[in-house]
């Protein structure tokens, strides 16, 4: 009468067969099956309980609260006051806000491609097996671990300041702009340089992807007389496109959220957190200033939601575009 | 997981054919290495120079190294000893590591090994939080912890670590656990083991590489974290190294530039040490995260 375990739906491949240790397999009755499912559900939610608590308390709840604050005037001390869309209209009309959007977009649009090109280029170099390959790989990766620290931001500020190495090098070419960190137009490029310096993390991911390209493809192409460039375009790029997609997605999303390095490199003795003439005022810097220095929690929440919308849009566009240029090997996912 | 697998086609031809390519390769690699290492060598050299020579002088290393900058650190920053900042950072980093390893591995086990109703939905939500900009949560979390009177405590900086909110590590561990042979659980079940026994005695030991990778990344992230402490801590004796360093910049940066550079280097040392000791785990961990995404 009862069903055997093997016939139970949604059980295939899972390890829940609990045949007795001795003796033949006994068919299981539906009641027992049901009891075991219940036990699995209970176990699942018990194991998940920290995550579920965290998700409700620290992610979902705050997101809802943030959405509500975005439509209020809230200074932390008085109760939030509903003001409709006022925060948004103030934001769009604020030249400093528009400036911070511009600075951030510029940083993302210039920095991310440069970083990824550097990462891919060096990965192609390191993919050749030569002596010292492992050492170089490790050394090139190191900046990704320390690049976000306050220490490196301090070093960066010094290296790119007036009369320091970068400035001197420029002067030998007859260009004298007097140090990047003191120049409202140039300071953002010192941050771009900082992110490019950290190309190691995407490079390691590229390298892992390159390792998985079947050698036979190159050999076949070589027999057909395809040159190096052709092989790169027609074999390497399509084969690593999933990894490229992953890197583009992650690096772009990260770039939008740059804070610490901009805050330190741009920070001056005068308490100006955003660089000379707001030159390094990236989006999150302005968000921090509005929220935590001006106590405008409602306005800052509206700004945060705009950031979320922007990041979500970019993510959506990237996912939509992947049909056209990302090739997944059959069975690779 | 060997790092040594190769892509280069072994080339036919003798040494004469091989040398130029390999020479170019080494020169290229060394040039990149120079760019990578410059800031690190700069900060080492700078910390041994007189303050006024640090920015202006192009010599990487001083002719006569001095230790005055390090000696000046003995006075601490704003009357607080440097060791206080180190102790605070260490406490937070170790606390974070314990929380992440415990909570994320429990969550990952449920996703990878337990078939429960709603698993796919929760997994999708978890992946969604991976892409969520942290700044959306910044203000409401601050308001929440402020209402709970936890500003100026370490709770806001640690709580999330114990509630598996770092989706990246959950994801890493799920990928790892999924690749473990199912027969292991089956055999354990036949012996009467429940999920917790399987998790504790089979999965955790087998997942050690993923746990170690997560632990090291967590330590380094916590050590480097600046925004969290900046927002939640406002008494200098609770400051972390990052925050202490920023205070140094704001208060004494101009008066004691050399000290600031020395302190920058000292603050980097734990991360550099971790990197040197565990670089294989870090690089393999990074590589896996990208491949299976």
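From the backbone N, Cα and C atoms, a Cβ is placed for every residue, glycine too.
Residues annotated as compositional bias 'Basic and acidic residues' in TrEMBL: A:18-31.
The domain 'ABC transmembrane type-1' annotation in TrEMBL covers A:101-318.
For A:1-34, the entry in TrEMBL reads region 'Disordered'.
Nonlocal intrachain contacts for the transmembrane segment (A:42-71), taken as residues 6+ away from its ends with a CB within less than 8 angstroms of a stretch CB, comprise 80, 82-85, 87-88, 297-298, 301-302, 304-305. Per TrEMBL, the feature transmembrane segment maps to A:42-71 (among others).
The annotation transmembrane segment is assigned in TrEMBL to A:105-126 (among others).
Positions annotated as transmembrane segment by TrEMBL: A:138-159 (among others). Distant neighbours of the transmembrane segment (A:138-159): 122, 126, 165-166, 181, 190, 193-195, 197-201, 203-204, 260-261, 263-265; these residues of the same chain sit at least 6 beyond its ends, with a Cβ under 8 Å from one of its Cβ atoms.
With a cut-off of 8 Å between Cβ atoms, the residues of this chain six or more beyond the transmembrane segment (A:186-210) that come close are 103, 106-107, 110-112, 114-116, 118-120, 122-124, 126-127, 137, 140-144, 147, 152-153, 156-157, 160, 177, 179-180, 236, 239-240, 242-244, 246-247, 250-251, 255, 258, 261-262, 265-266, 275-276, 279-280, 282. The transmembrane segment annotation in TrEMBL covers A:186-210 (among others).
As annotated by TrEMBL, transmembrane segment applies to A:231-250 (among others). Remote same-chain partners of the transmembrane segment (A:231-250), defined as residues 6 or more beyond its termini with a Cβ less than 8 Å from a stretch Cβ, comprise 112, 116, 119-120, 124, 202, 205-206, 208-210, 212-213, 217-218, 221-222, 315, 318, 322, 325-329, 332.
The transmembrane segment annotation in TrEMBL covers A:302-320 (among others).
Sequence-distant contacts of the transmembrane segment (A:302-320) (same chain, six or more residues past either end, CB-CB distance under 8 Å): 66-67, 69-71, 87-88, 91, 97, 245, 248-249, 252-253, 256-257, 283-284, 286-287, 290-291. When Cβ-Cβ distances below 8 Å are used as the criterion, the transmembrane segment (A:105-126) is approached by residues 133, 136-137, 140, 188-189, 191-192, 195-196, 198-204, 206-207, 210, 232, 236, 244, 247-248, 251-252, 255-256, 258, 282 of the same chain, each at least six residues removed from its ends.
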